[in-house]
Amino acid sequence: MFKSLTALFAFATNVYAANFKRVTCPDGNMVIDVACCDFFALMGDLQNNLFDNQCGEDVHEVLRLAYVDAIGFSLENPSAGGGADGSVLIFPDVESEFNGNEGIGDSIDALLPFLSAHNTISAGDLVQFAGAVGLTNCPGAPQIQFLAGRPNATAPASDGLVPQPQDSVDSILARFADAGFSPDEVIALLAAHSIGRADNIDPTINAAPFDTTPFTFDTQIFLEVLLKGVGVPGTSGNLGEALSPLPAAGELRLQSDFALARDPRTACTWQGFINQQQAMSDAFAVAITVGRPP
């Protein structure tokens, strides 16, 4: 676990090493800023009492929550939200009711006790740190560098900032551009779907995987979304669902993934990740840092 947390703090270490003397935390770990000490205890608590050191459903849900919190930001309308500010935890009864946020209540409920137990850590830091820690449990996933210091949200994000699987490619790319992401970065971020599952697309199915390896951060999602769809794993006619190539295996295909994989603006990047684990992993690690200060 120490190795994982060291990687999470690596970026901050490189930037600020000249300005801080190394200090020893109460548990014996060495850091460059005493504020980092609290995250060692938080990491252990998350791994032991939420994730069980596994790439399971709780990791999937917390990663989705981290995305929902971060995408609540708009360059065109700065008052729409503060981005990764923990507003999903501070206003849990507001944002969980937004369109596109169905099901995030479970991960909100899972993280709120950690917010109380580790009250020196802001809600925004908790959400993003939990996502980064959870990701370390998934084989093939990059170690995401983490920067602490997010202030707590003072207002919830606006509704309508989270793209939905039934949205057009034009709409999806425009929303991400408004949050600072290029089309290539959007596809890189969708590598997270390799460990994603759907609970609310088909109301008759819980935890429907998007590919055949939902517990491994790999390139299989980019291959399987390009296969010919032949059916659905449950009921038909669900909003945001496209025909799956492997319905008998329970695989569910999002309409947005289907469309982005074939759109001329994004198809080359999508296809370029097939069987290119390192390239995909590196691109994801870079894309997920968009918006952080250099």
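Cβ atoms here come from the backbone N, Cα and C positions, even for glycine.
When TrEMBL records Gly83, Asp85, Ser87 as binding Ca(2+) 1, the matching candidate from Asp69, Asp93 it lists for that site is Asp69.
Out of Cys138, Cys268, the record in TrEMBL bonds Cys55 through a disulfide to Cys138. Disulfide annotation in TrEMBL: Cys25 is bonded to Cys37, selected among Cys36, Cys37. Highest Cβ count within 10 Å among the binding-site residues Asp69, Asp218: Asp69. Across the domain 'Plant heme peroxidase family profile' (92-288), mean pLDDT in this model comes to 97. For the recorded Ca(2+) 2 site, residues Ser194, Asp211, Thr213, Asp218 set the reference point as the centre of their Cβ atoms, and the other residues of that chain within 8 Å of it by Cβ are Ile195, Phe210, Thr212, Pro214, Thr216, Phe217, Thr219, Gln220, Ile221, Glu224.
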